[in-house]
Amino acid sequence: MSTEKINLLDFDRKGLRELFAQELGEKAFRADQVMKWIYHFGVDDFDNMTNINKQLREKLKQKCEIVAPVVSEAQHSSDGTIKWAMRVGDQDVETVYIPEEDRATLCVSSQVGCALECKFCSTAQQGFNRNLKVSEIIGQVWRAAREVGLEKETGRRPITNVVMMGMGEPLLNMKNLIPALEIMLDDLGFGLSKRRVTVSTSGVVSGLDQMTGKIDVALAISLHAPNDKLRSEIMPINDRWDIQDFLASVRRYIASSNANRGKVTVEYVLLDHVNDGTEHAHELAQLMKDTPCKINLIPFNPYPGSPYKKPSNSRIDRFQKTLMQYEHTVTIRKTRGDDIDAACGQLVGDVIDRTKRTAMLKAAKGETIEVKAL
């Protein structure tokens, strides 16, 4: 008989209620009480749950546990950004806390590595190892909330937004993504507004269609090219689902969504003399004319061994102004945490299968390969 304890972080409210009924013989309200202790107060010791009777606390200690990823390393940027390496099993993923004047955003990983092989992404060069469990996804948020300080004792702004833009493709981990999102939104969980939780995808149409009508959060799409030829060159997933398939799926999702207010966020990494020409801007503007959107331009953050460069400021400015001629809303993402390699394109993970990474390391003459946040 297995003696492994059940990690309560692996369950959303529905799952936790079922667990309490089937494994503990307890009513739903007891599950709700425990869930509130875990997420509202950051408690991971059953003995500290003071409104739970002793008999139930003993049953919980015998059969269950509350185990989140632990911080194995923390780096602090001069701009307030914090990058945590979080230990999941025998590997690390990275989670980034980004404070601003009116919010604090947490960038969360969904996989160890990534299988999509986007050419500008060093996560892809490391290869794919495994999906994160529910407890390892929501546990990043739980741990970060503890680190930041639930009662503001650290002076840091509490987490107000979560973006699934860390290591991995979220929609290739739907089984564990959905319950984690449910906990983020649940009033007994983190109670975040659906407009403050964002899922980013590189174009996994099957996953996006699965989300449609099932869970409502903000959507960001990693587009990065205005035509299929160029997109297939830098993002091989385009050979499975081309741009028109992708955008049709996006329109289906936002039509059923309140969180997106009828618009999708388009992420577009600018690669010097690859996808950043005026002709690309015109093509992108035409491409998106039937899909209500706001376009977020991301100047490429180089990593050692990368074949791409960041465009000049003049090219970035020209690209933005060209798009704005078509009355698109266009922003340029401000680089945050680049001094600790926590900017978009610079997160460093720990992946066991390093076949691709080893080759990249040799090509970079021994320099560390870095990992992006989508």
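Keep in mind that glycine also has a Cβ here, set from the backbone N, Cα and C atoms.
Taken from Swiss-Prot as is:
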type	residues	note
ACT_SITE	Glu94	active site, proton acceptor
DOMAIN	100-339	domain 'Radical SAM core'
DISULFID	Cys107-Cys344	disulfide bond
BINDING	Cys114, Cys118, Cys121	[4Fe-4S] cluster binding site
BINDING	Gly168, Glu169, Ser200, Ser222, Leu223, His224, Asn301	S-adenosyl-L-methionine binding site
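Using a 10 Å radius centred on the Cβ of Glu94 (active site, proton acceptor) and all shown protein chains, the other Cβ atoms total 26. When secondary structure is read from DSSP and collapsed to three states, Leu223 (S-adenosyl-L-methionine binding site) falls in the coil class.
Taking a C-beta cut-off of under 8 Å and a sequence gap of six or more, Gly168 (S-adenosyl-L-methionine binding site) has these contacts in its own chain: Ser109, Ser110, Gln111, Val112, Gly113, Cys114, Thr123, Asn131, Leu132. Closest to Cys121 ([4Fe-4S] cluster binding site) in space, going by CA atoms and restricting to the recorded positions Glu94, Cys107, Ser222, is Ser222.
A straight line from the CA of Leu223 (S-adenosyl-L-methionine binding site) to the CA of Cys107 (disulfide bond) spans 19 Å. You'll find the Cα of Glu169 (S-adenosyl-L-methionine binding site) roughly 13 Å from the Cα of Cys107 (disulfide bond). Closest to His224 (S-adenosyl-L-methionine binding site) in space, going by CA atoms and restricting to the recorded positions Glu94, Cys107, Cys118, is Cys118. The binding-site residues recorded for this entry are Cys118, Ser200, Ser222, Asn301, and the Cα of Ser200 lies nearest to that of Cys107 (disulfide bond). Cys107 (disulfide bond) falls within a strand when secondary structure is assigned with DSSP.
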